[in-house]
Amino acid sequence: MELKEYLDYLVEFIKETVKKANAKGVVIGISGGIDSAVVACLAKKAFPNDYTAVWMPIESSDEDYKCKQELIDQCGIKAIDVELKETFLSFKKAIKDSTTPEHKLAIANAKARLRMTTLYTVAQTNSYLVLGTDNLDEWHIGYFTKFGDGGVDMVPLVHLLKREVREAARILGVPTSIINRAPTASLWEDQTDESELGITYDQIDAYLAGEINDENVKSRVDHLHKISEHKRNGAVAPKEFKRK
């Protein structure tokens, strides 16, 4: 199947999933990154009059803002702003005041969880479903926040490699500034995905596509997949209670 044909299928997949849930449309959080840009374009195609993109800045960079604005202007994306910085700072202070030791990644992941809460509030208000943005690479290695950006109703890009997401962005007319930008979750200043992961998306793509046999890459990807298994599964339950 050609990628363009698959993108058409994804539009129908989104429509059908919403219909089955007896919902009216979809909501998507946009970040200035390529994955959310692609999903926003698919959302617009699926529900031209019943979708909302939400920009939720929390110490977001100037580059984040510039890229999300280019997406809105160039692709005609309908978006609202929900400023979460003060909410995040209040939360951060409350955790600190509780004498809980500060953990850099845990605090950073709280940003994703605040955004998830925001998206579900917008979704429930409008009878929408929440669209996720994880691609195959991110899903396989668990590069998403549990009950944060991983807390969604559907994941349209979950079978697409990162390079296929880039190609999808070109097909859908996403701004080149977003396509060429270094992938970042914007967890903290100057953070990039690849520097945090210790591996490149090109390497992950190649491994998942069966194109390379590099033991270092295989070991790293397999390790990340194993330790993130809990993110892809539901809550762990004990054995069933047998009533007499």
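Placement of Cβ uses the backbone N, Cα and C atoms for every residue, glycine included.
Annotation comment: Swiss-Prot describes Gly29, Ile30, Ser31, Gly32, Gly33, Ile34, Asp35, Ser36, Thr133, Lys162, Thr184 as ATP binding site. Look at Swiss-Prot and you will find Asp35, Glu138 tagged as Mg(2+) binding site. Swiss-Prot lists Arg113, Lys146, Asp153, His230, Lys231 with the feature deamido-NAD(+) binding site.
Feature map: annotations from Swiss-Prot on the structure.
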{"residue": "Gly29", "record": "ATP binding site", "DSSP (3 states)": "strand"}
{"residue": "Asp35", "record": "ATP binding site", "DSSP (3 states)": "helix"}
{"residue": "Thr133", "record": "ATP binding site", "DSSP (3 states)": "coil"}
{"residue": "Glu138", "record": "Mg(2+) binding site", "DSSP (3 states)": "helix"}
{"residue": "Lys146", "record": "deamido-NAD(+) binding site", "DSSP (3 states)": "coil"}
{"residue": "Asp153", "record": "deamido-NAD(+) binding site", "DSSP (3 states)": "coil"}
{"residue": "Thr184", "record": "ATP binding site", "DSSP (3 states)": "coil"}
{"residue": "His230", "record": "deamido-NAD(+) binding site", "DSSP (3 states)": "helix"}
Gly33 (ATP binding site) to His230 (deamido-NAD(+) binding site) - Cα separation in whole Å: 26
Binding-site residues listed as Ser31, Thr184, least Cβ neighbours within 10 Å: Thr184
Candidates Gly29, Ser31, Asp35, Thr133, Glu138, Thr184 (binding-site residues) with Cα within 10 Å of Lys146 (deamido-NAD(+) binding site): none
Thr133 (ATP binding site) versus Asp153 (deamido-NAD(+) binding site) - Cα distance in angstrom: 11
Of Gly29, Gly33 (the binding-site residues), the residue whose Cβ has the fewest other Cβ atoms within 10 Å: Gly33
Binding-site residues compared (Arg113, Lys146, His230, Lys231) - the one with the fewest other Cβ atoms within 10 Å: His230
Cα-Cα distance linking Lys231 (deamido-NAD(+) binding site) and Thr184 (ATP binding site), given in Å to the nearest integer: 20
Arg113 (deamido-NAD(+) binding site) - helix vs strand vs coil (DSSP): helix
Between Asp35 (ATP binding site) and Lys231 (deamido-NAD(+) binding site), the C-alpha gap once rounded to whole angstrom: 19
Alpha-carbon distance [Gly29 (ATP binding site); Arg113 (deamido-NAD(+) binding site)] in Å: 12
Proximal residue to Glu138 (Mg(2+) binding site) among binding-site residues Gly29, Ser31, His230, Lys231 (C-alpha distance): Lys231
Among the ATP-binding set Gly29, Ile30, Ser31, Gly32, Gly33, Ile34, Asp35, Ser36, Thr133, Lys162, Thr184, as the record gives it, the longest Cα-Cα distance in Å: 19
